[in-house]
Amino acid sequence: MDEHDGGPEDPASLPGTPDGFERLWTPHRLAYITGEDKPADDGAGECPFCRAQDRRDEDGLVVARGERAFAVLNLYPYNPGHLMVLPYRHVADYTDLDLAETHEIAALTRTAMRVLRAISAPHGFNIGLNQGAVAGAGMAAHLHQHVVPRWGGDANFLPIIGRTKALPELLGDTRARLAAAWPDAAAVSLPEETC
Ligand SMILES: [Zn+2]
């Protein structure tokens, strides 16, 4: 038999970084990942990120709005304060962004970190883009950068946060606190010389 037949191999020979987390393998999520639960039309009309920007901030969980991009709370947070920074335009790929959008998303991401530090003192952050469904993007058609505040030991209560039915009210409170702490646009734009 060929030694590369897809069967188990020595973990030490595979790429990866042990991080101390247990893995819960959830193949039932594959239906969602492959789109069975999503609208057939993957266009802007069915996109929750496009709809959110047209709603009132309170209804769309919008935390802050810039000229070309905005910050919105994640309806399925990994942690309290988990938000996303994204362009108004319905584009999928990081290379689809124009330079001005790229800069504003960077500026909003930095502001989000400062605001979250001010109101909830996280010990760290996960910040990043999942590009494509295969990489974990639940809504791959509209690019969104995650900003996830992290605290020591926070993984212990992830399942509770993920399942609580009080989430909409909690999210509303979180949105209000973040929006109130968000500085004026003039205070967060990138200096011209860095563009
Ligand atoms: Zn969209």
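For all residues, glycine too, the Cβ spot is worked out from N, Cα and C.
Taken verbatim from TrEMBL:
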REGION    1-20  region 'Disordered'
DOMAIN    48-157  domain 'HIT'
BINDING   N74, H146  substrate binding site
MOTIF     142-146  motif 'Histidine triad motif'
ACT_SITE  H144  active site, tele-AMP-histidine intermediate
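Within the same chain, residues at least 6 positions away in sequence whose Cβ sits under 8 Å from that of N74 (substrate binding site) are H82, L83, M84, H146. Residues of the motif 'Histidine triad motif' (142-146) grouped by DSSP class, helix first, strand second and coil last, total 0 helix, 2 strand, 3 coil. Across all of the domain 'HIT' (48-157), the predicted model scores a mean pLDDT of 91. With helix defined as DSSP H, G or I and strand as E or B, the domain 'HIT' (48-157) counts 43 helix, 26 strand, 41 coil.
The residue listed as 'active site, tele-AMP-histidine intermediate': 22 other CB atoms within 10 A of its CB, across all protein chains.
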